[in-house]
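Undergrad: This is the structure I want to talk about, given as C-alpha cells.
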Amino acid sequence: MGDTYENQPPEKLQGKYQAMVVCCILGIGSLVAWNSMLTIADYYYQVFPDYHPSRVLTLVYQPFALGTIVILTYHESKMNTRKRNLIGYTLFTISTFLLIVLDLATKGRGGVGPYIGLCAVVASFGLADATVQGGMIGDLSLMCPELVQSFMVGLAVAGALTSALRLTTKAAFEKSNDGLRKGAMIFLAISTFIELLCVLLYAYVFPKLPIVKYYRRKAASEGSKTVSADLAAAGIQNPSDLVTSENLSFLTFLLFKKYYSLLNSLKLLDSMQTDDDSKNQRLSNKELLLQNIDYAVNLFLIYVCTLSIFPGFLYENTGKHGLGDWYALVLVAMYNCWDLVGRYTPLLKWLKFENRKLITIAVLSRYLLIPAFYFTAKYGDQGYMIMLISVLGLTNGHLTVCIMTIAPKGYKGPEQNALGNLLVIFLLGGIFAGVALDWLWLIGKKDAF
C-alpha cells in the first residue's frame, strides 16, 4: 500500500491550492481571537489600569491551554478529530461574542467583577486553542507539509491582520469619544465573524477537498481511527464509495484484510504469517517523543524566549518615546508582520533548516536577544527596538515552520497525528513558561505590583 501512494504524488491531486487557502483561514481562526485580545490591550489598560492586563490575561490563558492539550494528546488515538476541531472553533466563536456582550453589559466600566468575567472568557480561549491547534496540526501532519505550513502561516496572518486593523481603528477613532472602545468592539465583531466562517469551512468545505480525502484514506489504511468521521463527512462511508481509479488498490487491500480475518477465524491460516498487523502498528507516544526530543525541546525554547518579551515587555518596559501611545502598537505590529514573513522563508530551500544541530544552534542563539532588549530599552532609541522586535518575529516564524514541517516526515499517518499533538504540547508549554518569566521584567520597577 505504501508504494501505491508514493507513486501518486500530492501535486497531481485536485484541490491542493484550495486546501492551502482553507488551511490558512483555519490558522487565522485558531489565533485571531487571542491576537485581538493582545492587540486591544491598550483599551484594557485604560479600563483596568491596575491589573496588568497583557501579563495577567496571558497567564490565565496558558494553564488552561496547556492542561487541555496534555489531556487531549493522551487520548489522541481514540478521539474523533472532526468533533474536536468543530467544538474548538465553536467555542472560539461563542467566547469572542461573549467579550462583546460583557463590554456592553458593563458599559465599558472597570472593576474586579468585569475583570473576573474577562478572565473567565480568556480561560475558555485557552480551552479552544488547545482543542483546535492540537487537532488541526495533528490532522495536517498526516498530509503534505504545504498544508501544515499554510496553517502555520495563518497563525501569523492573524497577528498581522489584527495589528493592521488596530492601527487603522486607532487612527480613525483617536479624536472621538470612547475611541478605544469603539475600535475594540469592531475588532471583536470581526473576530467573531472569522471564527464562524472557520466553523463552516471545516464542517462543509475542508473534508470534501480531493487532497484531504486522499490523505485521510491513506491514514485509515495505516490504522488511523481519528479520521473516520471526516471520511464520513466527505461521503466515504462504505467500500463501494471508494471504487475510483485512484484508490482501487486501497479497496483490494480492505477486501484482502476481511478475507484474511475470516480464514483466520476458521483457523485455516495458523501456519501462515503475514506482516499485516505490523503495518498497522504504530510507535507509542513515548517512542515518538524520544525520537523527536530535540524538536520538542527546541519548540519549547523558541516560545520561552518569544513570550518572555512579547507582549508584556513591549507594553510596560519600553519607556516613553516620540511615538507616544502608538509605540507599543507599532512594536506589536512589527513583530506580527515579521513573524508572518518568517513563516514563508522556509519555502526558499537554501533558507530552510533541516539539520537538527543547526536548528538547535539557531534556537539557542535567540537568547542573546534578551539582554539586547534590556539594554535597548534602557539606553537605546525606538529605531533599535523596532529592529530587535523584527528579528524576534522573523526567527520565531522561521524556526517554528522548519520544525513543524520536518518532524513528521517518515512516519505513518497515526504517528504523524500523534507527533503533531506532542509538538503542540511543548509549544504551549514554552508559551506558558515564557509568560511566567515575563514577570521578571517588573523586578525593581516602581509601582510594579
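Count begins at 1; order follows the chain as displayed.
Any Cβ shown, glycine's included, is placed from N, Cα and C.
Grabbed the feature section from TrEMBL, which reads as follows:
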TRANSMEM  21-44  transmembrane segment
TRANSMEM  56-74  transmembrane segment
TRANSMEM  86-106  transmembrane segment
TRANSMEM  112-132  transmembrane segment
TRANSMEM  144-165  transmembrane segment
TRANSMEM  185-206  transmembrane segment
TRANSMEM  295-314  transmembrane segment
TRANSMEM  326-346  transmembrane segment
TRANSMEM  358-377  transmembrane segment
TRANSMEM  383-407  transmembrane segment
TRANSMEM  419-442  transmembrane segment
Undergrad: For the transmembrane segment (112-132), give me same-chain residues lying six or more residues beyond its boundaries with a C-beta closer than 8 angstroms to one of its C-beta atoms, as numbers and ranges.
TA: 29-31, 33-34, 37, 44, 47-48, 51, 56-57, 60-69, 72, 84-85, 87-89, 91-92, 94-95, 98-99, 102, 106, 424, 428
Undergrad: Let me spell it out: take the transmembrane segment (144-165), skip the flanking residues so only those 6+ beyond its ends count, and list any with a Cβ under 8 Å from a Cβ in it.
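TA: Non-local partners: 10, 16, 19-21, 23-32, 35-36, 38-39, 136-137, 186-187, 190-191, 211, 215, 329, 332-333, 335-337, 339-340, 342-344, 346-347, 397, 400-401, 404-406, 408-409.
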Undergrad: Quick one: find which recorded stretch in 56-74, 185-206, 295-314, 326-346, 383-407 has the most Cβ pairs under 8 Å with the transmembrane segment (21-44).
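TA: Ranked by Cβ pairs under 8 Å, first place goes to 185-206.
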Undergrad: State, in range form, which of 56-74, 295-314, 419-442 has the highest count of Cβ pairs under 8 Å to the transmembrane segment (326-346).
TA: 295-314
Undergrad: So which of 185-206, 295-314, 358-377, 419-442 is most in touch with the transmembrane segment (56-74), counting Cβ pairs under 8 Å?
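TA: Most contacts with the transmembrane segment (56-74): 419-442.
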Undergrad: Short question: most Cβ pairs under 8 Å with the transmembrane segment (419-442), which of 185-206, 295-314, 358-377?
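TA: Comparing 185-206, 295-314, 358-377: 295-314 has the most Cβ pairs near the transmembrane segment (419-442).
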Undergrad: Using Cβ atoms and a strict cutoff of less than 8 Å, what residues sit near the transmembrane segment (358-377) while being 6 or more residues removed from its termini?
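TA: Distal contacts: 294-295, 298, 301-302, 305, 308-309, 313, 317-319, 384-385, 388, 391-392, 395, 399, 402-403.
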